[in-house]
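The active site, proton donor/acceptor annotation in Swiss-Prot covers ASP148 and is backed by sequence analysis. What Swiss-Prot records for ASN7, GLU384 is Mg(2+) binding site. Per Swiss-Prot, the feature ATP binding site maps to LYS14, HIS208, LEU209, GLY210, ASN211, GLY212, ASP283, PHE284, ARG285. If you look up Swiss-Prot, you'll see ARG91 marked as substrate binding site. What Swiss-Prot records for HIS180, ARG241 is site 'Transition state stabilizer'.
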Amino acid sequence: MKVLVLNCGSSSVKYQVFDMKNESVLAKGLAERIGLEGSRIVYQRGSEAKKVFEIPLPTHKKAIEEIFKLLVDKNNGVLQSLNEIDAVGHRVVHGGDKFVESVLVNDEVYSIFKGILDLAPLHNPYNLQGVDACSELMPGVPQVLVFDTSFHQTMPEEAYIYALPYEWYEKYKIRRYGFHGTSHYYVSRRVAELIGRPVEELKIISCHLGNGASITAIKNGKSIDTSMGYTPLEGLVMGTRCGDIDPAIPILLMEKENLTPKQMDEILNKKSGILGISGVSSDFRDVGEAAEKGNKRAELALKVFAYRVKKYIGAYYAILGGLDVLVFTAGVGERGPLERSLICSGLEHLGIKLDPEKNKVKGEELRISAPDSKVEVWVIPTNEELMIARETVRVVGEKIIKKVI
C-alpha cells in the first residue's frame, strides 16, 4: 500500500510518499512560497540529493498538481502513475471536540470539518484546500484527516475546562485542546517499544521542543494533560510565542500602546518568546551562540525557557503520580544538549539524572539518563509523517467514517 501524506500550510505544502510494506519513504519534499514570487518545489527521491524546481505556484491546488507531476516524472518520479497511490493522509491542526480520532473523509465529515475552520484560521482552511485539490486531481482515492488535537481528547474535564463563565464553553467551545498530538503519540509508543514495556503500563512526560513547543503528561498510553490550550499560544516559552502570561497584560498594553487586537495577537505569537527576550533570534542555535559569547539577554532567554519546561515537568510528575520516562523530541529536544541539560538540572530529587556524555547526542534515538537515574530519559526523533501514514492505513482498513462527540 502506498500512502501520500500532505501537510498544507498558509504558503507551503509538505509531502511524503510511503511504501507501507516496509514503511520506506519513496519521495518527499516541500512546495513553498505558494501565491508569492519565487515559488518552488524541493523534491527528494529516496536518499538521493534534493532537487529544486522553480515553478509558479499561484494556488495550493497548482502546487499539489506540480508535486504529482514530479512523482510520476520519467526522470525523477517514483510512481508509474497516480493510480499507485492508495490513500492520502492529511495533517490537520485542529479538530476541536468534534473529532476524537482520525477519520475517513465523506460528505458528512467534510461538512463538519468545514464548520470548524475558525478554530485554527491560519491552518485549517489550507488543510481543507489540500483535501479539495486531491478530490479533484485523484477522484475516488480515500482521504484521511489526522488531527493534532485528537490524542488530547482523553484529557479529563478538570484538565481542559478554563475558569471562565461556563456558558462560554457551552456556546463557543472555549477549552483546552492541545496540539502536537501526533508527535506526542508517536514518541510515547516508540519509547515504550524501545524499553520493551507496554505503553499502557507507563507514566510518560513527552517534551516536544521546537520553535513551537508543548509538553504532555501520558498515563496508560493516554494524554491526561498538555501545555498548549485553546490555541498553540499557551504553555511553554517558544521561539516567537509568549506561552503562559498574566491574561491582564495584553489588555493593559493594548491601552498603553494603542494596539488593536490583531496587532496584539501578532506580538504575542510572532514577536515574543525567545526572540522577544533575547532580541537576537527565534532560532535556539543563534541564541545559544550569543549566550556563549556573553550576551546576557540570550542567556536569560534560555534560562526562562528551561525554567518553564522544568515547572511543567514537576506539575505533570504530580498529576501522573510519579514518572517512568521523560522524552525529548522535535528540533530543540532532539538536537539541544544545552537545553536538555538546563531543563534536567535540579530534577535529581524526582529521579531524573542525565549522563553528560550521552546527552551530547543530536538527532538519534538514545537513552541519555545516567545508569542510576530512576527515571529513564530518552531522545526520540519525532516522525509525524510516518504516524499519519500509519493512521491512514488503519482508518482506511477499518473504514472509520467518523467519530463525533
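Quick reminder: no glycine exception, Cβ is built from N, Cα and C everywhere.
Predicted, not measured: the structure shown is a model, and the values here were computed from it.
Note on proximity: among LYS14, HIS180, ARG285, the recorded positions of the record, the Cα nearest the residue listed as 'active site, proton donor/acceptor' is that of HIS180. In the three-state DSSP reading, the residue listed as 'active site, proton donor/acceptor' counts as coil. A gap of 17 Å separates the Cα atoms of ARG285 (ATP binding site) and ARG241 (site 'Transition state stabilizer'). Whole-number maximum of the Cα to Cα distances across the ATP-binding residues LYS14, HIS208, LEU209, GLY210, ASN211, GLY212, ASP283, PHE284, ARG285: 24 angstrom. In terms of local Cβ density within 10 Å, ARG241 ranks first among the recorded positions LYS14, ARG91, ARG241, ARG285.
The residue listed as 'substrate binding site' sits 5 Å from ASN7 (Mg(2+) binding site), taking the C-alpha atoms as the reference points. Reduced to three states, the DSSP call for ASN7 (Mg(2+) binding site) is strand. Comparing Cα positions, LEU209 (ATP binding site) lies closest to HIS180 out of the recorded positions ASN7, HIS180, ARG241, GLU384. Each of the recorded positions ASP148, ASP283, GLU384 was scored by how many other Cβ atoms lie within 10 Å of its Cβ, and the smallest score goes to ASP283. Spatially, by CA atoms, the binding-site residues ASN7, LYS14, ASN211 include one closest to ARG241 (site 'Transition state stabilizer'), and that is ASN211. Taking Cβ-Cβ distances under 8 Å and a sequence separation of 6 or more, the neighbours of ASN7 (Mg(2+) binding site) in its chain are VAL13, LYS14, TYR15, HIS90, ARG91, GLU385. The number of other Cβ atoms within 10 Å of the Cβ belonging to ASN211 (ATP binding site), over all protein chains shown, comes to 17. Within 10 Å of the C-beta atom of LEU209 (ATP binding site) sit 26 other C-beta atoms, taking all shown protein chains into account. For the pair GLU384 (Mg(2+) binding site) and ASN211 (ATP binding site), the C-alpha distance works out to 16 angstrom.
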